[in-house]
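Participant: The structure follows.
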Amino acid sequence: MSDATVIPVPAHYLAAGTRNTADEYATRYAESIANPDAFWAKEAQVVDWMKPFTQVKDVSFNPEDLRIKWFADGELNVAANCLDRQLAKRGDKTAIIWEGDDPRESRHITYRELHAEVCKFANVLTAKGVKKGDRVTIYMPMIPEAAVAMLACTRIGAPHSVVFGGFSPDSLAGRIEDCGSTVVITADEGLRGSKAVPLKANVDNAIRTPAGSGVTTVIVVRRTGGSVNWDNKRDFWYHDLMTGASADHAAVAMNAEDPLFILYTSGSTGKPKGVLHTTGGYLVYVTSTFANMFDLREDDVFWCTADVGWVTGHSYLLYGPLANGATTVMFEGVPQYPDWSRIGKVVDKHHVSILYTAPTAIRALMREGDGPTLESSRKSLRLLGSVGEPINPEAWNWYHRVVGDSRCPIIDTWWQTETGGVLITPLPGAVDMKPGSASRPYFGIKPAILDNDGSLMKGVCEGNLVITDSWPGQMRSIYGDHKRFAETYFNVFPGVYTTGDGARRDADDYYWITGRVDDVLNVSGHRMGTAEVESALVSHVAVAEAAVVGFPHDIKGQGIFAYVTLQEGHEPSEELRKALVIHVRAEIGPIAAPDQIQWAPGLPKTRSGKIMRRILRKIAANEFDGLGDTSTLADPSVVDSLVQGRRAEA
Ligand code: WT7
């Protein structure tokens with residue numbers, strides 16, 4: 001990767017005036033680092049407080065005495081910030097533009113309408129016995145009611161746990177059990193690319209498992225009208241409950257450190273972690289970053305293509321935009337339906353000015369050639385964003401030239417579920433772009449690069465990316481497992497937050513994210529733990545052992561490669577290969593389906609039994625040279641047989 005390509009923010013863009021000039025960014029960044037308390041005390045005024053805070057920051061990254069608190073004695077409500085406070089000035093402004101799976105279907109919902117709907121649903125939840133602090137699981141398609149459900153939870157102080165609609169009943173059940181929720185909000189079916197997704201049936205199946213058995217109430221939005229099974233004691237139609245519900249509701253004053261939501265994400269070991277975010281710091285951080293990184297203007301139409309089941313959907317489809325009084329587009333469908341011209345056509349139809357999407361979508365669109373994209377004018381666009389995985393310069397350049405007509409700046413935004421909001425991004429107007437680099441830190445963010453021994457690296461270097469001080473949007477704990485929180489993020493390199501990513505810093509102090517340094521895969525921008533896929537595989541009767549690694553994939557960024565050792569009495573076959581893929585889909589969900597399965601008579605292990613993933617990654621990538629020293633393996637001949645097997649397949 002060359003550091004040489006620098007693409008300055010175009011003059012026409014600067015001429016329109018930006019929120020941050022290069023000088024302002026430099027000054028404010030320096031201030032935010034020199035005096036974080038003063039900086040964030042001021043920046044926290046981007047939200048309305050019911051009770052002002054008197055303390056700003058109370059943080060210790062010492063793993064023995066881990067403490068992360070922001071604005072700790074302040075009180076506020078997220079829904080009141082997203083809705084009530086917008087009414088005076090923006091009551092009739094469109095809050096959500098909903099674009100259906102079917103291109104003929106769309107709806108505009110004003111701030112006033114959304115406010116009324118959320119108040120009603122808050123009353124419904126209260127009537128169903130949901131109290132402040134109770135966890136509510138949301139398993140929904142991309143329909144406005146998903147936003148209503150999330151906002152209603154925040155209004156009454158019930159932390160939500162949104163589970164992506166692509167997860168299996170078992171994955172859903174595990175998440176329900178982990179956070180102990182008794183209420184699930186869902187829909188009869190979702191609709192993606194004209195195919196129905198059986199959400200209610202999945203919920204029924206989840207509740208049938210021991211893990212899901214604690215659920216007492218299921219609220220179902222009618223989306224498709226498809227037939228569903230019904231339990232009269234447990235299941236309620238959303239529209240029945242909403243009929244007659246009052247639209248009067250006073251938002252509950254929440255302490256800044258009260259839990260706001262839990263969002264499950266994959267780690268390198270064990271089951272998914274319930275990332276816990278709290279109210280005040282999270283809202284301040286997403287409100288602030290959203291406005292600055294998208295250089296927000298009052299008449300913007302903002303489209304984030306992420307699902308609300310991921311953190312991007314939380315922070316930058318819903319909370320960031322609404323807290324800023326912006327218009328946000330919610331898209332139910334997929335980019336390839338009815339065909340690949342859809343993204344551009346949605347941009348034209350709704351006059352989208354900012355498009356925020358993932359490299360995997362950009363690469364898939366690029367593969368179709370320029371044609372489908374050029375069916376739209378995209379003249380409303382002024383700014384583009386990328387999120388979720390490293391964007392290769394080729395995809396960056398195509399996004400810039402074709403989607404953005406060489407006119408729109410691109411922000412490559414690096415962050416994580418854990419960080420709540422973006423930590424590294426070029427602010428448009430303030431930071432010149434380098435294709436493939438997330439570039440410079442946001443206000444208050446102190447990145448550093450450590451070598452594997454934990455020593456601080458200076459100047460131009462490459463190593464482990466860590467953050468040395470807290471920011472308001474940082475996760476506060478792993479739900480129910482604070483010890484694991486400390487161990488995962490603060491023990492690897494004591495005293496700093498370990499991101500799990502590698503990064504390079506160039507001579508201009510730009511950061512280039514090189515990808516995960518742990519056993520976490522990034523498949524189409526979705527995080528997947530190798531351990532999770534392995535445990536799904538070994539739960540199949542035919543499988544004795546499995547090892548999963550990532551391999552380079554043109555569209556997905558990384559694909560899932562599984563080495564599988566069979567039990568005695570089972571023989572490799574195409575049928576079994578298919579059966580294993582179906583099994584993993586059923587256990588976790590389609591996003592975890594292995595792209596390739598290689599039969600492995602044995603796995604390369606050290607004498608102490610540790611699987612040498614480094615070697616497996618190389619073989620999966622068809623890199624047979626330089627497999628490194630295999631002499632420490634318990635049985636070095638295993639490697640030769642795997643290489644032969646791979647060569648035979650390729
Ligand atoms: C991991 C976090 C953050 C929202 C979506 C994913 C990778 C994310 C970038 C980027 C390079 C990126 C990292 C990170 N990642 N954005 N702009 N450039 N890598 O959230 O599921 O928590 O995944 O995604 O590896 O650690 P997530």
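Using N, Cα and C of the backbone, Cβ positions are placed for all residues, glycine too.
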Participant: GLY388, GLU389, PRO390, ASP412, THR413, TRP414, TRP415, GLN416, THR417, ASP501, ARG516 bind ATP in TrEMBL, but which of ARG401, ARG484, ARG527 does that record place at the same site?
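Facilitator: Given GLY388, GLU389, PRO390, ASP412, THR413, TRP414, TRP415, GLN416, THR417, ASP501, ARG516 bind ATP in TrEMBL, the matching entry from ARG401, ARG484, ARG527 is ARG527.
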Participant: List those of the recorded positions ARG192, LYS195, ARG516, SER524, LYS610 whose Cβ lies under 6 Å from any atom of ligand 1, in sequence order, or write none if there are none.
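Facilitator: The recorded positions passing the 6 Å Cβ test are ARG516.
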Participant: Using the structure shown, find which entry in LYS195, ARG516, HIS540, ARG585 (the binding-site residues) has the sparsest Cβ neighbourhood within 10 Å.
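Facilitator: Comparing Cβ neighbour counts within 10 Å for the binding-site residues LYS195, ARG516, HIS540, ARG585 gives LYS195.
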Participant: Fewest other C-beta atoms within 10 angstroms of its own C-beta: which of the binding-site residues VAL538, VAL543 fits that?
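Facilitator: Relative to the other binding-site residues in VAL538, VAL543, VAL538 has the fewest Cβ atoms within 10 Å.
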Participant: Among the binding-site residues GLY193, PRO390, which residue has the largest number of other Cβ atoms within 10 Å of its own Cβ?
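Facilitator: Going through GLY193, PRO390 one by one, the largest Cβ count within 10 Å is at PRO390.
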Participant: Checking the spread of the ATP site as listed (GLY388, GLU389, PRO390, ASP412, THR413, TRP414, TRP415, GLN416, THR417, ASP501, ARG516, ARG527): what is the longest Cα-Cα distance, in whole Å?
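Facilitator: Comparing all Cα pairs, the maximum is 18 Å.
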Participant: If you measure LYS610 (N6-acetyllysine) to SER194 (CoA binding site) at Cα, how many Å is it?
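Facilitator: SER194 (CoA binding site) has its Cα 45 Å from the Cα of LYS610 (N6-acetyllysine).
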Participant: Given a separation of at least six residues and a C-beta threshold under 8 Å, show me what packs close to THR312 (CoA binding site) in the same chain.
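Facilitator: Non-local contacts for THR312 (CoA binding site): CYS304, ALA306, TYR356, VAL387, GLY388.
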Participant: Looking only at Cβ atoms, how many others are within 10 Å of the one on THR413 (ATP binding site)?
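Facilitator: Total other Cβ atoms inside 10 Å, all chains included: 24.
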Participant: On a simple 10 Å Cβ count over all chains shown, which one of the recorded positions ARG192, LYS610 is most densely packed?
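Facilitator: In terms of Cβ crowding, the pick is ARG192.
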